[in-house]
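Notes for the one structure printed next.
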Amino acid sequence: MAHTNESVVSEFVLLGLSNSWSLQLFFFSIFSIVYVTSVLGNILIIVIISIDSHLNSPMYFLLRNLSFIDICQSNFATPKMLLDFFVEHKTISFEGCMAQIFLLHSFVGSEMILLVAMAYDRFIAICKPLHYSTIMNQRLCIIFVCISWAVGILHSVSHLAFTVNLPFCGPNEVDSFFCDLPLVIELACMDTYEMEIMTLTNSGLISLSCFLTLMISYTIILITVRHRSSSGSSKALSTLTAHITVVILFFGPCIYFYIWPFSRLSVDKFLSVFYTVCTPLLNPIIYSLRNDDVKSAMRKLRNRHMNAWKN
């Protein structure tokens, strides 16, 4: 980040969500609950999957890693946003701004690939059940997780390598509660058309390609499930519904932001909130609390602690 010394701008001003004190208090109350619930919910999932031997399967291994990414995503900007509700002049250093961009794209890129890996796991489990234990082994799961982090970090570095060297010498107000890449690029003192196209190509393509891959996979799986009539198929359909719901809610705002990244509407700020604050809550609510195995493991953990407390 040597180029930052040549930039006049040493910090950015975050305009936040609202100038109204009452609205900021309301947002603080709501988002604090969402944040705490998200972090604790994902920690609980990691603990339950780690200690319950019945959840020792590839699907839950991937789910546990998804929870870890969601915890990371919950913490890259939300704590600062909550503190900034009580600060009149909301600022972030140049280095802090670049760090937010790097972390956001690392976590989001990793989660996209991990969701594809989870879809592949369900594809093998439902379409090729006899070969599931052979194909979906521990080694492959570890490879999936490593690839997801590698893709996420490389995706983020490719953005940051260009953004950090842009000349920021004038306006420094970011119309959001965190450093959103398209909004920061717009502040550069140069023609950013090529950077806009690069951002669109990089983020847009990875988002669309992962989303289309997931939709094709789940369509094939749903067709396979429909041709079967059993309790196992009913359970598989329930799991698939949860997966598809998360995919749509996760990719919807992401594709929107990076297909039309430089034409902002007033609603975009609140979509950013959903994307960064609420998305990490999808895993505990949709994936895990609707899962019978996870609920059973939670009951066993609760009963074990209650018995220990009574004794």
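Glycine is treated like the rest: Cβ placed from N, Cα and C.
Remember, TrEMBL labels are computer predictions, not curated facts.
Transmembrane segment is the annotation TrEMBL gives to one range among 176-194, 271-289, and that range is 271-289. Looking only at the domain 'G-protein coupled receptors family 1 profile' (41-287), the predicted model's pLDDT averages out at 86. Spatially, the transmembrane segment (61-78) is not adjacent to the transmembrane segment (237-259); fewer than three Cβ-Cβ distances between them are under 8 Å for residues at least 6 apart in sequence. Tertiary proximity for the transmembrane segment (237-259) is limited to same-chain residues at least six positions away from its ends with a CB under 8 Å from its CB atoms, namely 108, 111-112, 115, 118-119, 122, 180, 182, 199-200, 203-204, 207-208, 210-211, 214-215, 218, 221-222, 225, 268, 271-272, 274-275, 279, 282-283, 286-287, 290-291.
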